[in-house]
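For reference, the structure discussed in these notes is given below.
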Amino acid sequence: MKRVKGLWNKTVFPLFLMILTPHVALIMWYVSVHCEGSYSVFLGHFAGKPFYTSIIELWATMRPPSQFSVLVLFGFSVWSVILMKLLPGKIIKGPLTPKGNIPVYVDNGFLNYIVTMATFSIITVLLKVQGFSPSVIYDRFDEFIATLQIFSPLFCVLLYLKGRYWPSTTDNGVSGNFIFDFYWGTELYPRIFGIDIKVFTNCRFGMTVWALLVCIHALKSFELYGFVDSMFVSAVLQLIYITKFFWWEGGYMSTIDIMVDRAGYYICWGCLVYVPTFYASVSMYLVQQPVHLGITWSSLILLTGILCIAVNYLADLQKQEVRGTGGKCLVWGKRPNIIRAKYQLENGKEKESILLASGWWGLARHFNYLAEIMLALCWTVPSLFVNIMPYSYVIFLTFLLIHRSYRDDDKCGDKYGSFWVEYCQMVPHRIVPLLF
Ligand code: NDP
């Protein structure tokens, strides 16, 4: 039974995801642009044809990488790396790793984001004056997907080899199963020429490109129809969320993405390809499917979305503050209810950490996930209920976060043992208070 579970977790599931996800990334674009945002129209395109010819036809609709797409993506990557290196920021420390290392970062993510978005706005105005528009990226997005689909797996191969033969820290290693090692990664905090790879792929590329694409989609929509409130509401909520992300980037360095997930296909390919294609799919959909919501619905959705973003942010911040002050702070006006949980590093050294069992962390063990799902729903609802396609992201996110809550329970159970059991008894629900 254990062998079957191992085979599933370490080989079949990773292989399945690595085969499936590149198609999904392409399908999101194809359905938005060629199928009126409808999965049934999409299926109709390939009805009656054998599965493999449908797949070949689908990939054949995508134009190959062009000089334009390669230059834009390469130029943007170089820009991001330069900003990462040059912009000032406080030196912050990540959490202690299982091998006893402490990663160090320059906290310049918010500045990086502001400089990039401001530069994009200036470029947009300059291009518009000349009669051009950055919305050409929407028009030629298939070339960008093709470029990402070729370069990102190659980048993951490089990361696999780097972690295996030239690791940056002792938090590296292989399991001996190539499929799993490639998928999961061989190194926790790889750095190349001092550039932290996960900060680059997750924050400076993935999250920033998501924000830029939302702006490009909104611009395209404006060029086509003028002001459309559904696009406005969806774009504003996504941009507030992404801005919040960069404001809190220091806290992101203590999340599962960074402290647990290694730099492999799962997280790096995900941030390089999946975030631009899948996460930005709602606004991509709205370009061709505008909806007029009216002022009442627009305001209601906008306010609910902002509330959810605030809850998500405050929950993440609460954990960070309680740990940062060693529990000497107030949570919702009261002294926090905490467990001082002991755990051991791989070298046997004993350490202590704090588990917060009040405030947002007393409602459910991952109440922040509920707010995350709700806010994604808020920026999707402006598309109304004509098609399932725009809901793909929020459906995916729900599965991802439920799965993650189980993963985190396993991870924390292994790390904290009886202290985690005690916390689970105090806070019995994973994500939704009283329900789940
Ligand atoms: P959490 O922020 O919930 O972090 C979990 C970690 O926090 C645990 O591994 C543990 O780490 C520590 N922890 C767990 N319980 C407690 C507690 N009661 N008190 C103190 N520390 C605790 O999860 P994520 O890292 O997954 O999420 C971070 C943010 O990113 C969230 O806002 C989430 O919604 C968002 N997110 C967004 C995704 C997206 O694709 N849009 C995907 C995933 C997350 P330790 O070992 O340090 O104890």
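Placed from the backbone N, Cα and C atoms, the Cβ positions cover glycine too.
Just so you know, TrEMBL annotations are computer predictions that nobody has curated.
Per TrEMBL, these features apply:
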TRANSMEM  12-31  transmembrane segment
TRANSMEM  68-88  transmembrane segment
TRANSMEM  109-132  transmembrane segment
TRANSMEM  144-161  transmembrane segment
TRANSMEM  199-219  transmembrane segment
TRANSMEM  225-242  transmembrane segment
TRANSMEM  263-287  transmembrane segment
TRANSMEM  293-315  transmembrane segment
TRANSMEM  373-402  transmembrane segment
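Across 12-31, 199-219, 293-315, 373-402, stretch 199-219 shows the highest tally of CB pairs under 8 A with the transmembrane segment (68-88). Note on the transmembrane segment (225-242): residues 113, 207, 210-211, 214-215, 217-218, 280, 282-283, 286-287, 290-295, 298, 301-302, 305-306, 309, 375, 378-380, 382-384 of its chain, located 6 or more positions outside it, place their CB under 8 angstroms from a CB of the stretch. By the Cβ criterion (under 8 Å, sequence separation of 6 or more), the transmembrane segment (373-402) is in contact with the transmembrane segment (263-287), since 3+ such pairs are found. If one looks beyond the transmembrane segment (144-161) by at least 6 residues along the same chain, the residues whose Cβ comes under 8 Å of a Cβ in the stretch are 22, 25-26, 29, 62-66, 69-70, 72-73, 137, 181-182, 185-187, 190, 197, 263-265, 268-269, 272-273, 276-277. Beyond the ends of the transmembrane segment (263-287), by six or more residues, the same chain brings 14, 17-18, 21-22, 24-26, 28-29, 32-33, 37, 138, 141, 144-145, 148-149, 151-153, 155-156, 159-160, 163, 181-190, 197-198, 201-202, 205-207, 209-210, 213-214, 217-218, 220-221, 224, 228, 230-231, 234-235, 238, 257, 379-380, 382-383, 387, 389-390, 392-393, 396 to within a C-beta distance below 8 angstroms of the stretch.
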